Amino acid sequence: MGNIIVLLILSILVVLILRYLWAQHKSPKQCTGDCSSCGSQSCHLDWQKIRQEIKETK
Amino acid sequence: MEIKIALAGNPNSGKTTLFNNLTGSRQRVGNWPGVTVEKKEGSLKGRNDVTIQDLPGIYSLSPYSLEEVVSRNYLVNEKPDAILNIVDGTNIERNLYLTTQLLELGIPVVVAVNMIDLVERNGDKIDLDKLSKELDCPVIAISALKGKGTKEAAQKAIEVAGSHQVAAIPSIYDKTVLSALSNIESVLGSQIDTSMARWYSVKVFERDERIDEILKLSADQTSKIEPIIKKVEEAMDDDAESIITSQRYDFIGKIVSHTVKKKGPKHELSISDKIDKIVTNRILALPIFVLIMYVVYTIAMGGTSISIGTMGTDWANDVLFGEIVPNFFDGILTSLQVNGVLYSLIMDGILGGVGAVLGFVPQILVLFLLLSIMEDVGYMSRVAFIMDRIFRRFGLSGKSFIPMLVATGCGVPGIMASRTIEQDRDRKMTIMTTGFIPCGAKMPIIGLFAGAVFGGSSLVATSAFVIGIAAVVISGIILKKFKSFAGEPAPFVMELPAYHLPSIGNVLRATWERGWSFIKRAGTIILLSTIILWFLQGFGFTNGQFGMVEDNNTSLLAAIGNAIAWIFAPLGWVGDMAWKATVATFTGLIAKEEVVNTFGVLYNYAEVSEEGNEIWTLIARDFTPIAAYSFMIFNLLCAPCFAAMGAIKREMNNTKWTLAAIGYMCLFAYVSSLIVYQLGGLLLGEVTFSIWTIVALALLALILYLLVRPGYKPKSEALDLKGMSVAK
């Protein structure tokens, strides 16, 4: 009985962790404006385009 | 109806502090460029209909940096209802340049003179009423840090936004320039928004290419405008852009002379200046920085009586995860009568592994606390300035060091922070070398070996940091000689904010954010990996039968490790520890803390002693000092964790460059480790002369050659005499 309880708890823990990691991976973080704290998968700013704009200005 | 108020101002003028104050937000306030690089919004406290927009700091609306493009595009294209222009009261002359440009945008402006408490403390006086008359817009004194005047400033901004009260444009320019601007406005006619006519006419006068593109001037318009500009340039004997800049500064100089009274003589040094004379001194700066880092690492990870981080870790390892937690779980598991396998999974696997990592939390927290204090006080921006001098010698600028400073917490945001570097080649090089700086996750590796093999010496941690910087410098010099990276570094302009006492709230918040991220990783990825590792090192084939093994040297994991451990033999990873070291290195790709977790699982497989430092004793038995140092160097410099590799891939946006970056780091780490083990070991008498000694010497010679060889010179720098002809 003890084995089953422990296995159950471990399984729930593993599932919760996997769900959390998947949710972190999928959900885009809200932009805080601070790139150096950003762990987001995608940025809504097109930095390449902005760099191009600077080159043209110069 | 929604009201949008934009916070605009120079870097370090206090915009984000004001933003946090007005919205109740907790955005990060930093002292170096790149902290705010995108606009972000929040609702004013108590007014859901009022949106406050924090913008990156800009010196002018003529953008030459990524942050300036973001801010300018927002102000010109999205036109907020009002601009709350934050002006640093202690640097008012420089800050007012942007103000003169904002006033031409045709958007209601409220000027908030920040740091008024510092102005008063310095004994200076700013006549706000006079300043308001000169600029023809409301001027409010505030102290964003102390929350003084901030509500009034926001209220004033809401009022002017609601009344659409646009200031009359102040008389910045003389009659000649004004006449030219007026003529340009006539030529542009209905093509432009009349409320922004002055701004557009100034930009056209300055020949701003971006504006010319946006307006799509016809040939006829260009033919009318160009003579207007040329006439003024000839009359004033200067180019259009310089004329505008010069007249703005003349205007500002006049205002400041009427409205600002300084207590001390003009060129008296402030306390910050006096400190900087020493701290940024050409000769003393670097030794002072190394000394400060040595003190930081001593307090966090050393073995002295002031090493509070180590005291905490010793307690965590010996008492918390050595007695309290194991006894607690032992009691529960025994009462539940779980079988030996499950018992081993939980006690030896999960507790052994995760406990080994969490044991370092005290050291990590103390380290992050000290780094946060250095950042909040303003010293870290001095470090970027100091490193700029060094980096410039091999073609990078101090702006490349900022991601590396960020990477001391975590490599992922460090790599992200590189996106603010304008030049592609410098950005690529920064991405490739940021991983060399020891991040928070690598600290347990340093802590483990410093404690187990080197008697808790703080020199180990300091040397790891110095090796990281050295790796950046050496890589920079070598890579800059290749065509892909050759070229002059971008200019780097950065304000050094005045030193101030650290804000306890900011420091504790920053420390907790980084520390919590470390703990979360331990409870998620590392816990999962522990279960897999426990299984692989606890099960194997014995006499053809699959089952639990008593000696993990015969486990599945040992078999996998032994199959590839030979690669690392030249680095000194030999004997029984070879497969363990190899496996630990590979699991470090999941997260660098995994290295310690893996050792915790592998070495904890034996009975856990009451002392709780069984692991350290076993590691010390398996690793000689030079092998330990070689292992540490390899793991510090090699490919980063998967998350950081993902960040590299996103920032490089190119598979070839991503693989090149990761491959370079692995190669550099391998060569460095090999040289340290073979040559260092020879000198210490731990290693005998062999073929690998010759290989190490050859590699050292190759590195020296790559450092001193002449590099690729771009065509503009090389004189080509053949194509030249003598002018008649």
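Keep in mind that glycine also has a Cβ here, set from the backbone N, Cα and C atoms.
TrEMBL lists B:9-16, B:34-38, B:54-57, B:114-117 with the feature GTP binding site. If you take the C-beta of B:Met115 (GTP binding site) and look for same-chain residues 6 or more apart in sequence within under 8 angstroms, you find B:Gly14, B:Asp88, B:Gly89, B:Thr90, B:Ser143, B:Ala144, B:Leu145.
The Cβ of B:Gly24 (Mg(2+) binding site) has B:Gly42, B:Lys45 as same-chain neighbours under 8 Å, each 6 or more residues away in sequence. If you look up TrEMBL, you'll see B:Asn20, B:Thr23, B:Gly24 marked as Mg(2+) binding site.
What TrEMBL lists as domain 'FeoB-type G' is B:2-163.
Residues or ranges marked as transmembrane segment by TrEMBL: B:283-308 (among others).
Annotated transmembrane segment per TrEMBL: B:353-374 (among others), in sequence order.
TrEMBL lists B:394-417 (among others) with the feature transmembrane segment. Sequence-distant contacts of the transmembrane segment (B:394-417) (same chain, six or more residues past either end, CB-CB distance under 8 Å): 32-34, 368, 371, 380, 383-388, 426, 429-431, 433-435, 437-441, 472-473, 476-477, 480, 485-492, 494, 514, 517, 640-641, 643-644, 646-648, 651.
Taken from TrEMBL, the feature transmembrane segment covers B:429-453 (among others).
Among the features that TrEMBL reports, transmembrane segment is placed at B:459-479 (among others).
Residues or ranges marked as transmembrane segment in TrEMBL: B:518-536 (among others). A Cβ distance under 8 Å defines the sequence-distant neighbours of the transmembrane segment (B:518-536), meaning residues of its chain 6+ beyond its ends; these are 344-345, 348-350, 352-354, 357-358, 361, 364, 440-441, 555-557, 560, 587, 590-591, 593-594, 597-598, 601-602.
According to TrEMBL, the feature transmembrane segment maps to B:556-574 (among others).
What TrEMBL records for B:626-645 (among others) is transmembrane segment.
Sequence annotations record features per position, and here TrEMBL assigns transmembrane segment to B:657-677 (among others).
Residues or ranges marked as transmembrane segment by TrEMBL: B:689-708 (among others).
In the three-state DSSP scheme, B:Met115 (GTP binding site) falls into the coil class. Below 8 angstroms of C-beta separation, residues 533, 536-537, 539-541, 580-583, 585-586, 602, 624, 626-627, 630-631, 634, 670, 673-674, 677-678, 681, 687, 692, 695 of the same chain, each at least six residues beyond the ends of the transmembrane segment (B:556-574), sit close to that stretch. Each residue contributes its Cα atom, and for B:Asn12 (GTP binding site) and B:Asn20 (Mg(2+) binding site) these two points are 14 Å apart. Mean pLDDT across the domain 'FeoB-type G' (B:2-163) comes to 85 in this model. Within its own chain, the transmembrane segment (B:429-453) has Cβ neighbours under 8 Å at 301, 303, 310, 313, 356-357, 360, 363-364, 367-368, 396, 400, 403-404, 407-411, 414-415, 418, 421, 460-461, 464-465, 468-469, 471-472, 475-476, 479-480, 485, 514, 518, 521, 588, 591-593, 595-596, 599, 615-617, 619-620, 623, 625, 628-629, 631-632, 635-637, 639-641, 644, 648, 651-652, 660-661, 664-665, 668, counting only residues six or more beyond its boundaries. Cβ contacts within 10 Å of B:Pro56 (GTP binding site), excluding its own Cβ and spanning all protein chains shown: 28. Here the transmembrane segment (B:459-479) has long-range neighbours at 290, 293-294, 297-298, 300-302, 390-391, 394-396, 404, 429, 432-433, 436-438, 442-443, 446-447, 449-450, 485, 632-633, 636-637, 664, 668, 672, 703, 706-707, meaning same-chain residues at least 6 beyond its ends whose C-beta is under 8 angstroms from one of its own. A helical conformation is recorded for B:Thr23 (Mg(2+) binding site) in the three-state DSSP classification.
Here the Cα atom of B:Gly9 (GTP binding site) is found 18 Å from that of B:Thr23 (Mg(2+) binding site). Summarising the environment of B:Thr23 (Mg(2+) binding site), the number of other Cβ atoms within 10 Å of its Cβ, over all protein chains shown, is 20.
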